[in-house]
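For reference, Swiss-Prot has these:
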type	residues	note
ACT_SITE	Asp504	active site, nucleophile
ACT_SITE	Asp566	active site, proton donor
CARBOHYD	Asn43	N-linked glycosylation site
CARBOHYD	Asn156	N-linked glycosylation site
CARBOHYD	Asn180	N-linked glycosylation site
CARBOHYD	Asn188	N-linked glycosylation site
CARBOHYD	Asn360	N-linked glycosylation site
CARBOHYD	Asn427	N-linked glycosylation site
CARBOHYD	Asn446	N-linked glycosylation site
CARBOHYD	Asn495	N-linked glycosylation site
CARBOHYD	Asn714	N-linked glycosylation site
SIGNAL	1-26	signal peptide
Amino acid sequence: MLGAPSPRRLADVLAVTAGLVASVRAASPISVSGKSFALNGDNVSYRFHVDDDSKDLIGDHFGGPATEDGVFPPIIGPIQGWVDLIGRQRREFPDLGRGDFRTPAVHIRQAAGYTVSDFQYKSHRVVEGKPALRGLPSTFGDAGDVSTLVVHMYDNYSSVAADLTYSIFPKYDAIVRSVNITNMGKGNITIEKLASLSVDLPYEDFDMLELKGDWAREGKRLRRKVDYGSQGFGSTTGYSSHLHNPFFSLITPTTTESQGEAWGFSLVYTGSFSVEVEKGSQGLTRAAIGVNPYQLSWPLGPGETFSSPEAVAVFSTTGVGGMSRKFHNLYRKHLIKSKFATQMHPVLLNSWEGLGFDYNDTTILHLAQESADLGIKLFVLDDGWFGVKHPRVSDNAGLGDWEANPKRFPQGLPDFISDVTKLKVANSSDHLQFGLWFEPEMVNPNSTLYMEHPDWAIHAGSYPRTLTRNQLVLNVALPEVQDFIIESLSNILSNASISYVKWDNNRGIHEAPYPGLDYAYMLGLYRVFDTLSSKFPNVRWEGCASGGGRFDPGVLQYFPHIWTSDDTDAVERIAIQFGTSLVYPPSAMGAHVSAVPNGQTQRTTSIAFRAHVAMMGGSFGFELTPAEMPEDDKAQIPGIIALAEKVNPIVVKGDMWRLSLPEESNWPAALFISQDGSQAVLFYFQIRANINNAWPVLRLQGLDASAKYKIDGNQTFSGATLMNIGLQYQFNGDYDSKVVFLEKQT
């Protein structure tokens, strides 16, 4: 029975909590006292307890450290009149059908058709470190990095078990949660909904910050008031999507980039997802994130277990920027498995925007030679290199036939790649590296693969198979499709000197044959990602989905870089990259200099401006044909490369401070500070010319107030001066930019 706590139980809880709070500073990351639990980070506390009567898990606190020696306020205040008390409770795992009419975290359909659940606490265990999720991407860490609490719950009426796993990364004020559901009964059940994380916050005045967009305009910030009732967003596309990102933040109305409280939530998943925020009638706000229930309905037989993806929640008292830096550092160090996560990225040139499908071995080798002569270190051959019977000379044929086109590469792809990697990079002892584009999850009907295996394409019975970009999606939920992809790419990567792979995905899933296909597809895709990235650890993997359609933590587990957007216009990219950095580290962002007028916006900006914007991404490069560039621009490329190589280590490993936002200012700016604080680089932009007005003063952040900093090797100022008084620069005309280096003096 759920209801108000008895006076005896409330007194017991308060007494236990008082003792728990008094020892916070000396406590381990996870403290357990009786049936009260506390996860303690450097600047966060997450607390809940077991209700004595209902055996439900009741939330006590998620926010700053609770260091008061007294007691917590009552969980439920005095009640007057006839009220449904469950609507006032802060529940950790809200179920369905027993009087809590708010958004549930779990919805299970039993064999008899019942959808009521009654999960009660049974036991718990604490482990050092963090177990990996089976078949799903997940954060990782050793015993000194992370601790884990597993709470075992059970529904005695349906014989269904739920294990709630909480992990705490104290250094990053990050709580990670996932749920396992196990059918312990004799009949089948169906999981209709399972949120990875659901939390009730005892405040009702929030703004919600999220990332919205579409193709070529991903990652745009949206801040809106959390109003009464339910609101949310998600994806039903079969991938995380351009339209929304599996991330949101709840912030107070007064929270800014650098001040105020921010709760951030991020789902480690690549498929369709759902975010739900509900402002209730009793002063609570419920927030939940997980797999989209419209694409779940997962059958679970006796003895079977379903695992949710994990969700990451961080808390910051230093504004939205503080929240972002916690995500950045956690994901760089405890999510991305690749050794390239924090390594300097070689400057690359991608063939796509320069040549498209129109090339042969001679033109490609010439472009590679031009690249090497300019000092570029990695040449990437994009779409169009494959297909024997159905050559990929346009987007209507060849996908799925991963063999080199013999007409384009008569000596064979391995020998051609060997010719490319023999090229000497100018002003360097290096030879040119080679990268290759794939779209392994797709198939053209005009291909040998489709003609041999039409059943491998996702389809729903006799319904027409909808084409997008002249292609269909392979059913990666099938083990034979997974094996085909692994074998096809392994054959190519094992027989040629390929150091980089761009993995593309250019459409969503249509005509799914059953609701749970999306989740099954993701399990198969993660198996493919894990197998290939483990088998070829010396390959740099970069994800892409028509740009940033799959920029999510699930992909980042295996691929250290993701192409941020197909929009390479520098002005648009400032907003896209600033927005994406709300949760994702700039080290993961692919950002390139393309030709002008820009292919997406037709805007013309200087090559310096384009390059400075792109340098804010960890994977910096070019998408153009050097031979078609103006000579003045071409002459600047060696200097741009030298600057990019100087900037890149700070961007890849450092902390980002967004000083001025593109949606709020004509002068957006970001400061990157190295982890040891010894160096910093400032990116400062003017969008439109400033007429008859004073130049803005930019105050820096994140510096050591007592230290001295040399600015571009010239003047020296204290950190206090730079943060409290600031810098002032003169800009010239539209689309001007500055890159400024700061060096801490010892």
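Backbone N, Cα and C define each Cβ position, glycine as well.
It is 19 Å from the Cα atom of Asn446 (N-linked glycosylation site) to that of Asp504 (active site, nucleophile).
When Cα-Cα distances from Asn43 (N-linked glycosylation site) are compared across the glycosylation sites Asn360, Asn495, Asn714, the shortest belongs to Asn714. Note: Asn495 (N-linked glycosylation site) has non-local neighbours Pro414, i.e. same-chain residues 6+ apart with C-beta under 8 A of its own C-beta.
Other Cβ atoms within 10 Å of the Cβ of Asn188 (N-linked glycosylation site) number 14 in total over all chains. In three-state terms derived from DSSP, Asn180 (N-linked glycosylation site) belongs to an extended strand segment.
Put simply, Asn180 (N-linked glycosylation site) is 37 Å from the residue listed as 'active site, proton donor' when counted between their Cα atoms. In this structure the alpha carbons, written CA, of Asn156 (N-linked glycosylation site) and the residue listed as 'active site, nucleophile' are 47 Å apart. Of all the glycosylation sites given, namely Asn156, Asn180, Asn360, Asn446, Asn714, the one with the smallest number of surrounding CB atoms inside 10 A is Asn714. In sequence order, Gly375, Pro638 constitute the residues six or more apart from Asn427 (N-linked glycosylation site) in its chain with CB-CB distances below 8 Å. With respect to their backbone Cα atoms, Asn360 (N-linked glycosylation site) and the residue listed as 'active site, nucleophile' stand 22 Å from each other.
When other Cβ atoms within 10 Å of the Cβ of Asp504 (active site, nucleophile) are tallied across all protein chains shown, the result is 22. The number of other Cβ atoms within 10 Å of the Cβ belonging to Asn43 (N-linked glycosylation site), over all protein chains shown, comes to 19.
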